[in-house]
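Down below is the structure, laid out as structure tokens.
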Amino acid sequence: MSPLFPLILLHITVAAAQLRPGHYSKTCPEAEFVVRDVMEKALIREPRSLASVMRFQFHDCFVNGCDASLLLDDTPTMLGEKLALANINSLRSYEVVDEVKEALEKVCPGIVSCADIIIMASKDAVALTGGPDWEVKLGRLDSLSASQEASDNVMPSPRANASFLIDLFGKFNLSVKDLVALSGSHSIGQARCFSIMFRLYNQSGTGRPDPVFDPKFRGKLNKLCPLNVDQNVTGDLDATPVVFDNQYFKDLVAGRGFLNSDQTLFTFPETRAFVQLFSRDQHEFFKAFVEGMIKMGDLQVEQQGEVRRNCRVVNSGLPVTPRTCPSV
């Protein structure tokens, strides 16, 4: 991780005072219904896409705040975030956000930001797969640029351990409980063999598998991800990969975590109690997850912004609206 990392995080502030539920109640009252409709269609077409869209909130908000910088395509003068280490060959389903934006532009052009679309769509992805629903705060603006370097400097590796993750989340004013609950986003979706080859065959440079693996689960993964595998082959993140529930935590307790960054939450003393709690009590997990998503959605950076008409590109030649944030 770059030594610039601490400097980047110093500019992140919590901008909750600027955001509010019902932000579009007068300017685009149908906004949340339009987003939900597109997400329902995406679920029918490809259930995995909802997990992919939900991840956008994490990968966007942790990099210079929730400003849809993640969605910008590269230009001749800007390397965006889509090809950053944590995103390339990993994040997908950008077209779902494109569909949401297109539908909103037909109803209320130039009103709803792409940053708010990410927040609404992430919430819907959870709710439509069996998880909790909640009221989202809206009113974000879209960034005028993106930075691959900023993403590389911030986003954690699937090899990360709990100690590193606690420190990282703490820099965003997210607690240990928030970390564990938000990691439960891996209740749905899949990840690549690329992310676990070291766990299966060379954990910590030992030339051996991670000893905390449940033996039967490790055998299953060995078949899915042999040494000569195409490392873009994907495996389920938990035993119920299209249902948002607390099975993810039950799997961690049983030694069946897919990613190192997941399993470490059970092996590390400071996070283990929350894993155990959420494995026993789905209601407590849902409650903590919603609290964490709302807190993460409040992350902002003081910078100029706009409401993009196309989430992949800035509005060339159009005036931008200054964005200011209160200090933490």
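Just so it is clear, glycine is given a Cβ too, placed from its N, Cα and C backbone atoms.
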Mind checking which of Cys108, Cys114, Cys193, Cys225 has the disulfide with Cys311 in TrEMBL?
Cys114
Could you tell me which of Cys193, Cys325 is bonded to Cys225 by a disulfide, according to TrEMBL?
Cys193
According to TrEMBL, the disulfide-paired cysteine of Cys61 among Cys28, Cys66:
Cys66
Give me the CA-CA distance between Asp60 (Ca(2+) 1 binding site) and Thr240 (Ca(2+) 2 binding site), in Å, as a whole number.
26
Using the Cβ centroid of Asp238, Thr240, Asp245 as the reference point for the Ca(2+) 2 site, which residues of the same chain not in that list have Cβ within 8 Å?
Ser187, Ile188, Ala239, Pro241, Val243, Phe244, Asn246, Gln247, Tyr248, Lys250, Asp251
Relative to the Cα of Cys28 (disulfide bond), which of the binding-site residues Val63, Gly65, Glu81, His186, Thr240 has the closest Cα?
Gly65
Sort out for me which one of His59, His186 has the most neighbouring CB atoms within 10 A, since those are the recorded positions we care about.
His186
Just name the winner among Ser69, Thr240 (the binding-site residues) by count of other CB atoms within 10 A of its CB.
Ser69
Please tell me which one of the binding-site residues listed here (Gly65, Ser69, Thr240, Asp245) sits closest to Cys311 (disulfide bond), measuring Cα to Cα?
Ser69
